[in-house]
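These notes concern the structure reproduced below.
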Amino acid sequence: MKKILSFAIVALAVILNLYLYFPETQILGDPNDNIFQYSLVNRTNWVWENYGCPISLACLPNLVDHNVTYWAEGYALPFYYSHLPQIVIVASHKLLIYPLTSLIGQAVSLFEYYNWTKYLLLALFPLPVFLALRIAGFTPIVSAVVAILASHYSTDGLYGIDPPSFLWRGYGLTSQLYAMTFMPLALAYSFKSFKTAGLVNKNTLLAVLFLVLTTAGHLGMGIISLIFISPFIFLDLNKRQLLARLKKLMFIFFALIFILSYWIIPILLYNNYHIISFWDPLWKFDSYGWYETAKQFLAGQTFDWQRAPVITYLTLFGFFLILLDTNMFVFALAFSVMMLLYFGRTTWGGLIDLVPGLSDFHLHRFIVGVHIGSLFLIAGTVNGFLHLFNQIADGLKKRYPRLEPEFPQVRFLPQVLFLTVSAVIFYLTAGQTFKYNSLNSRWIGEANSAYRYDEKNFQNMLSYLKNLPATRIYAGRPGNWGHDFRLGSSQIYMLLSVFGMDITQFLPETWSMMSENDQNFDERVAADYGLLNSRYIVAPENKNFPPEAKLTKEFGPFKVFEVPTGGWFEVVTSPMFVETGKTDFINIVHLWHRGYPRTWKMHPLISVDKNPYIPEGMERRIKMVNEVTYEENGAEKNIFSDFPFVFPESTPSGRLISEKVDKQTYSADVEVPAGCRSCFIMFKSSYHPNWRTYLDGAETEKFAVFPYYVAVKAPPGRHRIEVVHRPMPLKVFLLILEITAALSLVIYKLKPRR
């Protein structure tokens, strides 16, 4: 009976979520991070269609390592960012969903399918919570009650497991949702593994599996999960058992790293090309500090924003109850660790950087560890309620022996009390969720109506733009008229990237080497369009654009302007070299951008490597010490008070004869002027080691030049240059190694034993 009731509660939780979140399947345009997330899916789909997937040998390497051209002058996002969810979505759509739905005449588009996947993951979240609590050892009824509460956390945009983190009205953190789906199971199986004897057992393998899935969904959530399970080694203080559990923890760590080594190892080796941006608020990196975190917790804002602090008190009581439970107390320890790390660098300073992986991490995201950890503590409180009500019933039976014979229904008293209290708790928590979702549903409908009003004009404009030569597009930015230039509730600069257009001045990610420098753009200056190869402007009207910008086409409220630009390649001089850290070049590039050296096409070479290769013939070499100070010949100088550049002999008169874009290959015929000793051919895309450069058919050394583009040295004369983005050989090797190891293990397991 209790099991049936438990399943009914979980089913109710899921059905309620399916109803509340259904408007998410009807979205036409997003106003949040889902623009970024779906654009990655769309780019993965582009790779699938252009690299012979699923049978071509070029398919898998390019799926896991390709250039995303949409923002910040291009970036190898899958090199650093989670990509397996995008591959799964595209593969399942191409191989299963689209063919099946086409057969019945209701073909589901990739965008519709993407919306359905995140809708179902969010609606089904009570299921992994229920299963995780059961695996950890809680009763079915306790697990079910906590599972229904798991979808009703409430914060004021703290990026936790609360619905606003994922919904249309909220933040669209779909990558976090992918990880969050598996995270409770990863923690529960890890706990069970540490309680089971033997280094490798079924629970250990399942722990590794779900930790891998969590990490593949969101690397940050994987780091949080690994830190969360570390206190599990203290299930008891028996030295022998402690050592055995420590070995098991190391096995889990190394197993995860090996399985994802094709991704993790290159990240560690090439972290210099994954910058920490000035445009990201400091609180993301440093979190809020102990005082603000404690204040938020005690005020109920960590779990119960705009309602009674019900989950806050359930968590607090559960912490002490679990702490006294000899079987479960490690969950209280893990929760404490999450809370301490959530204090962030604001409290711990540089000490927190001693924890591997946290130096560049957005520490405020430890709120997810706090929220997921609280589920196990709430289970302790709910279990305490059940135990209390059983004691009350037993006490009544002892005091009134004739009560049960005369009123047999009294045996159901604990269950009635438990369900009544659970219903009251649910009522107090769910109201805020209903309120939030009612507006979410209404606003999606209103946004869709506004979207449809000009959708035809927008689609006609897209068709026009896609038939033009490949270039970047400027459609405003968040800080100017672009913010109010929309289709429905989505800014045009956001929507263009969703439809596969390369844009500038919108930064949904700030990790590209060009993320900082991209923002030096001035829409009134024609040369800035040339520097970014942004030939077309999409705007509601002429917003004081340069005189060179000419109106070429109108589509209702959408006007397309063209600005003459030189193309993807340009001949520049690079007579000096700048060494820098990845956070130290923002000001010197800005100074260059606004100064005469840039006007004269003098683009210094720049490197973030520790021991960079410096070509011969450099007239000047400086090393940035911080954002404003540089070192030269043993003396420290200031970039603003001391001129840090050189004057070129002349402005190079190079000529771009022709150019071509084919998939991830950019090629051109370029003429370098006679007598130019320090001429380079610059390719206007963000520098990354994945780029391969060829001059006149031979592979040649590539360099980075201001603002942080790819360049190759070229002697005077006419040249054929080709710049190709290819998956990193190390990543391909590790991928092959992992696949070989996996197949070998399967063959070994299937091989009959004698």
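Any Cβ shown, glycine's included, is placed from N, Cα and C.
Note: TrEMBL annotation is automatic and uncurated.
Range with TrEMBL annotation transmembrane segment, chosen from 93-119, 363-389, is 363-389. Contact check: the transmembrane segment (310-343) against the transmembrane segment (363-389) gives at least three Cβ pairs closer than 8 Å, residues 6 or more apart, which meets the contact criterion. In terms of C-beta pairs under 8 Å, the stretch of 5-22, 203-229, 363-389 lying closest in packing to the transmembrane segment (121-150) is 5-22. In this chain, the transmembrane segment (5-22) lies out of contact with the transmembrane segment (170-191); the count of Cβ pairs under 8 Å, excluding pairs fewer than 6 apart in sequence, is fewer than 3. For the transmembrane segment (363-389), the neighbouring stretch richest in Cβ pairs under 8 Å, chosen from 5-22, 203-229, 249-270, is 203-229.
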